[in-house]
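K.L.:
Below, the features straight out of Swiss-Prot:
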{"type": "BINDING", "residues": "78, 103, 130, 131, 132, 133, 134, 135, 136, 137, 138, 199", "note": "5-phospho-alpha-D-ribose 1-diphosphate binding site"}
{"type": "BINDING", "residues": "193, 198, 199, 200", "note": "uracil binding site"}
């Protein structure tokens with residue numbers, strides 16, 4: 001398993017704004033999608049392509065296109081929806097698979113309440129999106145679910161991640177790569193990332 005912290009001035013600038021406590025809901029949504037676009041660019045560098053011929057303005061042209069069944073994006077509800085448009089802007093043909101989970105605030109373990117996966121998911125690469133990788137429990141459970149459905153190629157995109165969550169995923173699924181805008185310091189006693197973003201779901205949906 002590899003962890004890629006995307007080191008880019010635009011990512012750093014936008015993430016810095018996301019961390020501010022007074023950022024408006026509309027701006028938080030926009031920034032989340034903007035950072036997701038930049039992460040998507042990095043996370044898809046190794047996609048396999050194939051040559052094909054298309055009709056150009058001056059005749060046939062040989063071009064390269066992504067090979068195979070391509071991508072399914074997997075937003076973890078609800079906060080993952082805040083990054084969905086950003087990824088679909090980059091890969092508009094991606095199929096969307098939805099996983100609904102919430103974290104039990106007493107045990108900090110995930111509870112699954114909804115699943116709808118793309119057809120032929122065993123032939124696709126799944127990209128899981130969620131603003132925060134905290135304890136890692138939700139991500140491990142999502143990967144378990146995808147692998148049980150036959151998916152073999154999985155990676156995750158996150159705005160921020162805690163070292164504790166990264167280690168948990170590494171131990172459970174060493175074949176899954178993670179792309180993140182920043183690896184933060186630690187989790188607090190309640191399982192929240194420090195310095196983190198606060199409650200990303202509330203900030204995206206304007207709830208408290």
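Sequential numbering from 1, following the chain as shown.
Note that Cβ sites are derived from N, Cα and C of the backbone, with glycine treated the same way.
What's the neighbourhood like for each of these?
P.N.:
Remark: residue 138 (5-phospho-alpha-D-ribose 1-diphosphate binding site) has 76, 101, 103, 110, 130 as non-local neighbours, by Cβ distance under 8 Å and separation of at least 6 in sequence.
Summarising the environment of residue 198 (uracil binding site), the number of other Cβ atoms within 10 Å of its Cβ, over all protein chains shown, is 17.
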K.L.:
Would you mind reading off the Cα separation of residue 134 (5-phospho-alpha-D-ribose 1-diphosphate binding site) from residue 193 (uracil binding site), to the nearest angstrom?
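P.N.:
Cα to Cα, residue 134 (5-phospho-alpha-D-ribose 1-diphosphate binding site) and residue 193 (uracil binding site) are separated by 6 Å.
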K.L.:
Given the binding-site residues 193, 198, 199, which one's Cα is the least distant from that of residue 78 (5-phospho-alpha-D-ribose 1-diphosphate binding site)?
P.N.:
199
K.L.:
Take the C-alpha atoms of residue 132 (5-phospho-alpha-D-ribose 1-diphosphate binding site) and residue 200 (uracil binding site) and report the distance between them in angstrom, rounded.
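P.N.:
Roughly 8 Å, rounded to the nearest whole number.
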K.L.:
Looking only at 78, 103, 130, 131, 132, 133, 134, 135, 136, 137, 138, 199, which the record lists for 5-phospho-alpha-D-ribose 1-diphosphate, tell me the maximum pairwise CA distance in angstrom.
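P.N.:
For the residues that bind 5-phospho-alpha-D-ribose 1-diphosphate, the greatest Cα distance is 17 Å.
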